[in-house]
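Student: The Zn(2+) 1 binding site feature in Swiss-Prot is assigned to C1006, H1008, C1026, C1029. Taken from Swiss-Prot, the feature Zn(2+) 2 binding site applies to C1019, C1020, H1030, H1036. For C1048, C1051, C1061, C1066, the entry in Swiss-Prot reads Zn(2+) 3 binding site, with the evidence type sequence analysis. Sequence annotations record features per position, and here Swiss-Prot assigns Zn(2+) 4 binding site to C1076, C1079, H1090, C1097 based on sequence analysis. As annotated by Swiss-Prot, Zn(2+) 5 binding site applies to C1091, C1094, H1109, C1116. Per Swiss-Prot, Zn(2+) 6 binding site is recorded for C1110, C1113, H1124, C1126, and the stated evidence type is sequence analysis. The compositional bias 'Low complexity' annotation in Swiss-Prot covers 19-40. What Swiss-Prot lists as compositional bias 'Polar residues' is 895-906. The region 'Disordered' annotation in Swiss-Prot covers 1-40, 893-913. The feature site 'Required for iron-dependent instability' is assigned by Swiss-Prot to E108, E369. Sequence annotations record features per position, and here Swiss-Prot assigns transmembrane segment to 201-221. Among the features that Swiss-Prot reports, zinc finger is placed at 999-1068, 1071-1134, 1135-1176.
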Amino acid sequence: MATPLPDFETARGGGAVASSSTTVLPSSVSSSSSSSRPLPVANSFSDDAEEISPILIFLFFHKAVCSELEALHRLALEFATGHHVDLRLLRERYRFLRSIYKHHCNAEDEVIFSALDIRVKNVAQTYSLEHKGESNLFDHLFELLNSATETDESYRRELARSTGALQTSVSQHLAKEQKQVFPLLIEKFKYEEQAYIVWRFLCSIPVNMLAVFLPWISSSISVDESKEMQTCLKKIVPGEKLLQQVIFTWLGGKSNTVASCRIEDSMFQCCLDSSSSMLPCKASREQCACEGSKIGKRKYPELTNFGSSDTLHPVDEIKLWHKSINKEMKEIADEARKIQLSGDFSDLSAFDERLQYIAEVCIFHSLAEDKIIFPAVDGEFSFSEEHDEEENQFNEFRCLIENIKSAGASSTSAAEFYTKLCSHADQIMETIQRHFHNEEIQVLPLARKNFSFKRQQELLYQSLCIMPLRLIERVLPWLTASLTEDEAKNFLKNLQAGAPKSDVALVTLFSGWACKGRKAGECLSPNGNGLCPVKTLSNIKEVNLQSCNACASVPCTSRSTKSCCQHQDKRPAKRTAVLSCEKKTTPHSTEVANGCKPSGNGRSCCVPDLGVNNNCLELGSLPAAKAMRSSSLNSAAPALNSSLFIWEMDSNSFGTGHAERPVATIFKFHKAISKDLEFLDVESGKLIDCDGTFIRQFIGRFHLLWGFYKAHSNAEDDILFPALESKETLHNVSHSYTLDHKQEEKLFGDIYSVLTELSILHEKLQSDSMMEDIAQTDTVRTDIDNGDCNKKYNELATKLQGMCKSIKITLDQHIFLEELELWPLFDKHFSIQEQDKIVGRIIGTTGAEVLQSMLPWVTSALSEDEQNRMMDTWKQATKNTMFDEWLNECWKGSPDSSSTETSKPSPQKDNDHQEILDQSGELFKPGWKDIFRMNQNELEAEIRKVYQDSTLDPRRKDYLVQNWRTSRWIAAQQKLPKEAETAVNGDVELGCSPSFRDPEKQIYGCEHYKRNCKLRAACCDQLFTCRFCHDKVSDHSMDRKLVTEMLCMRCLKVQPVGPICTTPSCDGFPMAKHYCSICKLFDDERAVYHCPFCNLCRVGEGLGIDFFHCMTCNCCLGMKLVNHKCLEKSLETNCPICCEFLFTSSEAVRALPCGHYMHSACFQAYTCSHYTCPICGKSLGDMAVYFGMLDALLAAEELPEEYKNRCQDILCNDCERKGTTRFHWLYHKCGSCGSYNTRVIKSETIPPDCSTSS
């Protein structure tokens, strides 16, 4: 399942601005990974065309990776369904892909994301963390591949599932980069900066991998795309011809660096040959971009072979590395002591940079030993523990420096920091010296003994190629600067002799850099007669070589060194914008990274700089080196707390060791989601041999999970993430997770499609099997059809297993990163009250039916303590609502609950609820004989008890008192009609007849509701169509929640209240489209929903659709009123106009700007003559036009002479400020807000200047 590259709009020129939120990349790379369609803009990189963003070259890599993942997963599926597949070849191709992808990710972390984080915060960290998750997937896959048991069917399926999960995860990650990262890079960086970033990216990949990386991409894309890639590289690689030759030699696959650096030719070749868009003999057909239109004959000089007559063994050069590193560490330790003595912070950044440099050198040196030297030696040597210890010590050292920087010079702990600084420096130096000594006495003697002179030279060259170009450019002059002249010359001899002949340009570059470490760039060749490759390169003869714009600069020739070096400084214009900043030098690299310095003897070497160590964008390098070393040793992903960026250091400092916050309850849903994902993953393995019942149950569980996941992701996208983004420091932090939700929703949809097809196929197979049993025929045609169906069913079942595995891994990774990155942000940036509001906002958009299903689903995945904490948080967020009452009624009415107290979730709450029910039974349905026996004093005593009960709501008290006072009359009314009815009609009940909403059409119901039943009122035991019909003819109100019986108006049978008629003759006749078991509400006409927080049924589509419940106001509001002014329990009052209780009113209610409410009809009538709130007196809307009219009126009005100098003190009802204004008999304008909604608080005569406010 390859992820197609999105259609992007061409981003031209320097820093093209993205349209909307996503910049579109060229359609030339928009074809899917499996497409070989020619590119429509193959010449868009030409000099005549407008410039296209260099960032787009990454799309070629994405396409190559997606194509290879798709091809490998297809092989794994074939293997799982019984086809023959060479597992060895599959394993090698995956190993190659992993190596390529790992180095790409490391370079991305070092360069791309570091650069992006400079301009756009809160984006890079998520993608870096995803790299670690993908590394874990590769680890798991290789565990399977290394334990191959081809005969085990479960192994085959697990392999297919794992390859599918890897493909899905990587494809989604790359697609997100294309939608978010690339557009941001194009938008925020100029063209020259983009080219610099891509060039530094290439220079940050180890040389031995870059030699594989470029030709593999080129072989994985179409011919036109390959040409476009070459043209793009011309614009990216600096114009110096030597650099162009190095890169395009690799791109054409002409270099032997791959073979020389222990990357198997067979593995590389098999990956090239198996690529879906492999171009045979590509190197022979496609020219290097530095060559002309015709392939010329190029005569490369033979690299000087200095023979092996020297007594020194080349492998002893490892001691030179050790010596230089020890020297540098000693200088660092001395510098630390100087800082301690002086207490000067000014050089701390330079000190930190120097430490980073030597740490990177040590890490790559250790990597070279682990991957090149030690495996070649026959002895079983491993210094991985020493290497890990050194890396950890360097990391601790850098963290200490960061702490010193953050503490500041005035810190009282500065002295302690400096002491630790010296101690750490001495400790690292001691560790390194001990480690180097052990290597020199254990490993080097065996290497001298077992390897020929030539082999030792080759190993040294391979070790150097473990480093990236960016580091080699700094290391070689640094190393040669610390050597004697003889040591430096021998080092250069061995370097040149150990390289393959095809690497002439690369060795030339290395040699020139090495010479820069000597005084005045002195050439290190034994004499000045041209043996130095930098000099001999100028003798290259080109036949029929046409000039190339990308290679316009002339290499160093026999001209004067001065003119050569002057020419080197003439870099292409596109680089000057980036490289014009001042070069930074560190104490260890003075005069080393400054390019060549001509000398008078004409023997200086001049080669071009890469231009990436002048770090204008301040990109890091050490973290990528650490990541490479970690992954190379034990194939495990780096620890999550090994920072890729400095700002990650405190990423784990939140969320642990603190009391659980309200928002944590939202993340409790992650546990339930993970539990169901595990269920789908495991149970999907049983789909091949199962019955129809199992498939139906599996589909049901899948739909349940899909629904709850959708509700959860919508809550995050609509509420949680916008809350995070509202904080200025957290912009962009959630965009990646929003993209995850869209991708995961598509995965659910894909699974649903396959599951539906699988279910239909299973039914067909069962039907065919039954038909065969009946007909007892066994024709050849039937056998063929059944065989094809069974084969297709097995393929679909295997595919579905992989998809379930993929969605489990994808969602688990998504959940893990959310909890790691986003969860701590709520504790850091949101107060408890803000978190309560967020929780209330989320559950306030969740309907009763969803909550009723969701709560048991979530709590089943939690411990008892977690359940209690979650419910406490929910009740705190809903403290102003009826949620607790609804919760009790739901648990009481649950079909799974019994009448016993022990089966109820909350015994204490149920006891309270039972007490209310007992009181209700005693107060609302008394026996009439008992009522008649109560005297007036006893009745008054009961009423006083109600008034004194502080646990009762005031509305409840009024209702109970009213019923007590009318109880004698109610009892009499209950007795007399029953007796009369019994005397006249025997068992016939009053009202036992149908009523009609539309008598002509025979539609059941009443004037208030369309429904097919009547309700028996608990208060008077009579049948009424609805409570309004009851209240209309009675002097008391009907409590519909106490209704237990109903009458079906079709069969006229009284039965327990429910959604359908239980009489057999009615055959499940529905009482209404909407039935609420709590409110006992039936409505067959309107859209109605039950709000669990109002604990009432309201007209509307539902919470989260067209309404939400505000937990502060305790009312349901339209979705457009999200940003309203809250007043606690504002709807639990009477309408200020008609005095009807608003909370239970069925009429439309209008929210006023001040936060109060009134009926919409009352508002219309009231505003005909008033414009202020009848409760608080504030203006009911924007009165600017009206106030402007009053301004004009007063301006035209002239006061009598005796009132002109009189002023009045006023209080503004709108802004609540006091002020002074000129006298008027009616209108007084507020000097602060300009409102005329004011009142006079004092009148007096003062000087004319009286237009003030306070």
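Glycine residues also receive a Cβ, built from the backbone N, Cα and C atoms like all the rest.
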Student: Rank the binding-site residues C1066, C1113 by the number of other Cβ atoms within 10 Å of each Cβ, and give the residue at the low end.
Tutor: C1066
Student: Give me the CA-CA distance between H1109 (Zn(2+) 5 binding site) and H1090 (Zn(2+) 4 binding site), in Å, as a whole number.
Tutor: 11
Student: Which residues does C1116 (Zn(2+) 5 binding site) neighbour through Cβ under 8 Å, counting only same-chain ones at least six apart?
Tutor: C1091, C1094, R1098, G1100, L1103, F1107, F1108, H1109, C1110
Student: For H1036 (Zn(2+) 2 binding site) and H1124 (Zn(2+) 6 binding site), what Cα-Cα distance in Å is obtained after rounding to a whole number?
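Tutor: So the alpha carbons of H1036 (Zn(2+) 2 binding site) and H1124 (Zn(2+) 6 binding site) sit roughly 37 Å from each other.
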Student: By the DSSP assignment reduced to helix, strand and coil, which category contains H1008 (Zn(2+) 1 binding site)?
Tutor: coil
Student: Give the residue from the binding-site residues H1030, H1090, H1109 that has the most other Cβ atoms within 10 Å of its Cβ, counting over every protein chain displayed.
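Tutor: Result for the most crowded candidate: H1109.
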Student: Provide, as an integer number of angstrom, the distance between the C-alpha atoms of E108 (site 'Required for iron-dependent instability') and H1124 (Zn(2+) 6 binding site).
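Tutor: Checking the Cα atoms of E108 (site 'Required for iron-dependent instability') and H1124 (Zn(2+) 6 binding site) gives a distance of 45 Å.
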Student: Tell me the Cβ neighbour count for H1008 (Zn(2+) 1 binding site), meaning other Cβ atoms within 10 Å of its Cβ, over all protein chains shown.
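Tutor: There are 15 such Cβ atoms around H1008 (Zn(2+) 1 binding site).
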Student: Going by DSSP, is H1090 (Zn(2+) 4 binding site) part of a helix, a strand, or coil?
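Tutor: The residue in question, H1090 (Zn(2+) 4 binding site), is strand (DSSP, three-state).
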Student: Spatially speaking, which of the binding-site residues C1006, C1029, C1097, C1113, C1126 is closest to C1061 (Zn(2+) 3 binding site)? Use C-alpha to C-alpha, please.
Tutor: C1006
Student: Given the binding-site residues C1029, C1110, and counting only Cβ atoms in the protein chains shown, which has the most within 10 Å of its Cβ?
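Tutor: The most densely surrounded of these binding-site residues is C1110.
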Student: Give the mean pLDDT for the zinc finger (999-1068) on the 0 to 100 scale.
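Tutor: Mean model confidence (pLDDT) across the zinc finger (999-1068) is 91.
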Student: How many of the residues that make up the zinc finger (1071-1134) does DSSP mark as helix, as strand and as coil?
Tutor: 3 helix, 24 strand, 37 coil
Student: Can you tell me the three-state DSSP label for C1048 (Zn(2+) 3 binding site)?
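Tutor: Strand, per DSSP.
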Student: Round to a whole number and give the Cα-to-Cα distance in Å for the pair C1126 (Zn(2+) 6 binding site) and H1090 (Zn(2+) 4 binding site).
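Tutor: With distance taken Cα to Cα, H1090 (Zn(2+) 4 binding site) is 22 Å from C1126 (Zn(2+) 6 binding site).
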